[in-house]
Every structure is written in C-alpha cells, then in structure tokens.
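What TrEMBL records for 42-291 is domain 'G-protein coupled receptors family 1 profile'. The annotation transmembrane segment is assigned in TrEMBL to 102-121, 142-165, 198-222, 243-262, 274-293.
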Amino acid sequence: DMTSRNHTMVTYFQFLPFSSIPEIQGSLFCLVLLMYLSTLVGNILIIVITMVDAALHSPMYFFLKNLSFLPISYTTSTIPKMLVNFLTEGKGISFLGCATQMYAFSLLGIAECCLLAAMAYDRYVAICHPLRYTTMMSWNMCFLLSAVSWLIGVLAALGQTTFIFTLPYCGPNRINHFFCDLLPLLKLACVSTYKNEISIYIIAVLFILVPFLFIVVSYVQILHTIFKMPSAGGKRKTFSTCSSHLVMVTLFYGSAIVTYLRPKAFYSSSSNKLLSLSYTLLSPVMNPLIYSFRNKEVKQALKRLIAK
C-alpha cells in the first residue's frame with residue numbers, strides 16, 4: 001500500500017494512435033464513421049420492422065430485436081470516442097469514463113453471447129420439437145431467456161470491472177488500444193495482475209465458451225434432424241431458417257474466443273486491435289445485412305413497410 005501512496009495515481013488514460021502512419025488516420029476516420037452509421041441505421045431498421053410487422057411477432061424475431069439492440073449499444077460505447085481520437089491529439093479518457101466504457105462493453109458482449117445461445121435453443125426447439133414449439137417457447141420463456149442473458153451481463157461485467165478498477169494505476173497511462181478493453185488496461189496496473197488474468201479466463205470460459213458449446217450441441221441436434229428429412233427441398237428450407245444465426249455466431253464468437261481465450265504467449269497489441277475491430281464494428285454492421293438479405297420474411301416485411 002505504501003508503494004501505491006508514493007506514486008501519483010493515474011486520473012486519466014491516453015489511447016495510442018490506431019496506426020503509426022499519420023496519413024491513413026483520415027481514411028480510417030471516414031471508414032469507421034461510415035461503418036458506425038451503417039450499424040445504427042441497419043440495426044434500428046430491423047428493430048422497427050420486427051416491432052411494427054405482425055408477421056414477425058414470433059420468438060425468433062423477439063430475440064433478433066434484442067440482438068439488434070446490442071450492436072447499437074456497444075458500438076456507441078466505443079466508436080464515438082474512437083472517432084474523436086482520430087481527430088484530436090489528446091486522445092484521453094478519464095478514469096471513470098474508462099471504467100464506464102469497459103463496464104458497458106463487457107455487459108453487452110456477455111449478454112450477446114447468452115442471447116446467441118438463446119436463439120440457438122429457439123431454432124433447436126423449432127426444428128427438433130416442432131409440435132411442442134408453442135409450449136416450449138412461450139412468451140414467458142422468451143422473456144425469461146432474454147432477462148437472464150441481460151442479468152448475467154450486468155453481474156459478470158460489474159464483477160469484472162470492479163476487480164480491474166480497484167487495482168492501483170500509477171503510470172504509464174497510455175493504452176495501446178482504441179477503447180478501454182480488459183487486457184490492454186491490465187498491462188498498465190502497477191501490481192501483479194495474475195489473479196485478474198485468471199478471473200478474465202474464468203469469465204470468458206463461463207460466458208463465452210459455455211454458451212458457444214451449447215450452440216454447437218444445439219446445431220449437432222439440428223443437423224441430425226435435418227439429415228433425417230426425406231425431401232431435399234425440406235432440408236434446404238429448414239436449414240435456411242438457421243443459416244443467418246450460424247453466420248452471426250461464427251463472426252462474433254470467432255473473434256471473441258481468439259481475443260479472450262488465447263494463451264498469453266500469442267497476445268500482441270496490434271493483432272488484438274484488429275480482432276477487437278472485427279467484433280466491435282464488423283459483426284454489428286453485418287448483423288442487419290445477414291438477417292435481411294438471407295431472410296425472406298424480413299425482406300417481405302421491409303417491402304410492406306416501404307409500401308406503407
């Protein structure tokens with residue numbers, strides 16, 4: 001405790017430039033801004049369609065509405081600050097601002113993992129137990145799965161953020177990242193962060209890996225059921241109801257698992273920035289595209305909305 005008292009404590013953090021080449025900062029700014037605006041417009045449109053179109057008032061679209069709210073929220077927790085940092089030299093964020101950003105991002109990321117698992121369960125029941133679908137996936141069940149996903153996010157992120165921000169930070173205060181992410185921040189603490197790293201792994205295993213394994217098991221069952229179907233058309237039609245979800249799972253989990261569950265020996269700041277960019281920007285911007293272009297019902301609902 002004496003050592004932390006002898007140091008000046010960090011009151012704000014600075015982000016290092018995204019790229020060491022100043023010339024491309026402007027191009028990066030335009031690209032990130034364009035992707036951010038596309039994310040907002042696309043996901044808000046999906047929320048509006050699923051709310052106003054009676055044909056989309058089903059459990060699958062209830063979860064999609066929840067899922068579309070997440071990218072809007074977590075891109076908004078990181079991207080506006082990143083855009084400001086592209087244009088200004090200061091590139092700083094207050095200690096409290098950094099904690100808030102990390103909390104929001106962790107909460108939304110964990111909730112997304114759980115919601116993707118809930119969506120896999122919905123597809124599993126629809127395909128493997130179609131006759132019991134309305135009883136197994138009642139609205140009460142949908143609300144419960146959704147509420148549990150959000151609650152897990154709220155509590156796990158609260159524990160994680162508190163654990164990291166009660167560590168002493170006495171300088172340097174430069175984060176080699178574009179937002180307050182767990183691993184780059186831990187590198188700046190002035191004590192051993194071994195326990196924190198273990199806790200990050202435990203939370204990642206519980207709330208990234210376990211939902212992912214649940215999704216894999218659900219899809220093994222789904223594929224087993226689809227292969228037993230007699231007609232090729234039936235197989236295609238049934239599989240098409242899952243394909244959008246499967247693409248989202250691959251995009252989101254691929255980068256999240258590699259970021260938070262790879263061994264420390266393979267960790268590098270530059271690869272971490274690129275990976276983080278893929279799930280903070282790429283999957284949010286892809287979400288509406290994947291669900292609208294690959295989904296006949298959403299396309300028809302969009303046409304009805306435009307016709308109105």
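Numbering starts at 1 and runs along the chain as it is shown here.
Just so it is clear, glycine is given a Cβ too, placed from its N, Cα and C backbone atoms.
Heads up, TrEMBL stuff is auto-annotated, nobody curated it.
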How about long-range neighbours of the transmembrane segment (102-121): same chain, 6 or more residues beyond its ends, C-beta under 8 Å?
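Contacts of the transmembrane segment (102-121) (Cβ under 8 Å, skipping residues fewer than 6 from its ends): 60, 63-64, 66-67, 70, 73-74, 77-78, 145-146, 148-150, 152-154, 156-158, 160-161, 164-165, 179-182, 185, 203, 207-208, 211-212, 214-215, 218-219, 245, 248-249, 252-253, 256, 279-280.
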What same-chain residues lie close to the transmembrane segment (198-222): Cβ under 8 Å, and 6 or more beyond its ends?
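Same-chain residues near the transmembrane segment (198-222) but 6 or more away: 110, 113-114, 116-117, 120-121, 123-124, 127-128, 152, 156, 159-160, 163, 182-183, 186, 242, 246, 249, 253, 256-257, 260-261.
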